Amino acid sequence: MPYGTRYPTLAFHTGGVGESDDGMPPQPFETFCYDSALLQAKIENFNIVPYTSVLPKELFGNILPVDQCTKFFKHGAVLEVIMAGRGATVTDGTQAIATGVGICWGKDKNGELIRGWAAEYVEFFPTWIDDEIAESHAKMWLKKSLQHELDLRSISKHSEFQYFHNYINIRKKFGFCLTALGFLNFENAAPAVIQ
């Protein structure tokens, strides 16, 4: 029996950072730092598959903190994510990394929720930062990106934008920072019927 495409109905938000004095070329921050960031984000035992940034309306109100979802995690499972994550080397002049994910929801002419989008943010800083800087920069750039996604589609904003962010001040040679949405539950759209 055929079935249609899958779409997520339950998600969680999370974030993590990692740093190390060790790493393997060509991207040394991908080795140990990335694993440490996944561990801190509590998603280290998944096989991560990245998405682009389109959200079904069924996710509205169903995006939870990661700690509410960990009891449902399955070691070795595939976790589909929207992730803002990057690494850096301090010898390249980066002292801090900030990341964020923002969410917007659109409405139709009657004010009804129709669909959503996400946007990712990554910024490198030549000096250490604090949470206030990380949050303000994430919101500033994500707000611009989310509004662009709505404007591009000629869709009005349904509700307030949501923002999640994270940052690291790199104290070792290499660092990695990530903010992510992970998708846990799914349903299927109706299958296509071609006559």
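Using the three backbone atoms N, Cα and C, a Cβ is placed for every residue, glycine included.
Feature annotations, courtesy of Swiss-Prot:
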MOD_RES   SER53  pyruvic acid (Ser)
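According to its DSSP assignment, SER53 (pyruvic acid (Ser)) is coil.
Neighbour count (other Cβ atoms within 10 Å of the Cβ, all protein chains): 18 for SER53 (pyruvic acid (Ser)).
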